[in-house]
Amino acid sequence: MLWVLVGAVLPVMLLAAPPPINKLALFPDKSAWCEAKNITQIVGHSGCEAKSIQNRACLGQCFSYSVPNTFPQSTESLVHCDSCMPAQSMWEIVTLECPGHEEVPRVDKLVEKIVHCSCQACGKEPSHEGLNVYVQGEDSPGSQPGPHSHAHPHPGGQTPEPEEPPGAPQVEEEGAED
């Protein structure tokens with residue numbers, strides 16, 4: 001039984017990302033830093049009026065390094081990469097008005113709102129756990145359902161456009177500015 005437990009847990013421990021590095025021996029006077037900076041983000045969608053919202057962006061300097069390899073390889077490759085990225089975020093629905101579109105007079109966009117940033121392993125996938133807990137409507141919390149894709153009429157004739165799931169690239173975004 002113990003071997004089964006060790007056999008199941010050991011691979012997970014080996015694949016876990018290493019902890020972020022705050023100092024390097026080669027540069028003892030330098031420290032990694034990462035923080036959330038306030039920005040104004042422009043949320044847009046084709047055929048709709050863009051909306052400015054207050055958000056945060058992650059900005060910082062985290063350590064990465066790569067030590068030259070040898071062939072044949074005698075030890076593991078020494079490569080490490082940390083990046084300044086969201087450590088805590090929530091999702092908010094931003095409703096865009098689409099004048100002249102009677103079938104779809106408004107579009108709901110799901111926008112990630114960054115709360116806190118930190119240096120994390122570069123390959124780490126962002127976590128979307130608790131998405132339903134953190135989704136809040138722009139006008140009044142709980143009064144609007146989130147974007148979803150199925151065909152049925154909505155109150156006021158509103159039919160949300162199908163959205164990509166969180167984490168999918170948002171090609172329609174017009175970007176962020178300071």
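Backbone N, Cα and C atoms are what each Cβ position is placed from, and that goes for glycine too.
Keep in mind the model is a prediction, meaning the values are calculated, not measured.
Sequence annotations record features per position, and here Swiss-Prot assigns signal peptide to 1-16 based on sequence analysis.
Taking H, G and I as helix, E and B as strand and the rest as coil, DSSP gives the domain 'CTCK' (34-123) the counts 0 helix, 59 strand, 31 coil. The annotation domain 'CTCK' is assigned in Swiss-Prot to 34-123.
Under 8 Å, Cβ to Cβ, and six or more positions away along its own chain, C34 (disulfide bond) finds C58, L59, G60, Q61, C62, C84, M85, C117, S118, C119. Marked as disulfide bond by Swiss-Prot: C34-C84 (among others).
Per Swiss-Prot, disulfide bond is recorded for C48-C98 (among others). Less than 8 angstroms from the CB of C48 (disulfide bond) sit L96, E97, C98, H101, R106, V107, each of them six or more residues away in the same chain.
Within 10 Å of the Cβ of C58 (disulfide bond) there are 21 other Cβ atoms, across all protein chains. Positions annotated as disulfide bond by Swiss-Prot: C58-C117 (among others).
For C62 (disulfide bond), the count of additional Cβ atoms within 10 Å of its Cβ stands at 21 [all protein chains shown]. Positions annotated as disulfide bond by Swiss-Prot: C62-C119 (among others).
Residues or ranges marked as disulfide bond by Swiss-Prot: C81-C122 (among others). With a cut-off of 8 Å between CB atoms and residues at least 6 apart in sequence, the same chain places S64, A121, C122, G123 near C81 (disulfide bond), listed in sequence order.
The region 'Disordered' annotation in Swiss-Prot covers 132-178.
Under the heading compositional bias 'Low complexity', Swiss-Prot lists 140-160.
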Which of C117, C119, C122, all disulfide-bonded residues, has a Cβ with the fewest other Cβ atoms inside 10 Å: C122
Candidates C84, C98: member of the disulfide-bonded residues with the richest Cβ shell (10 Å): C84
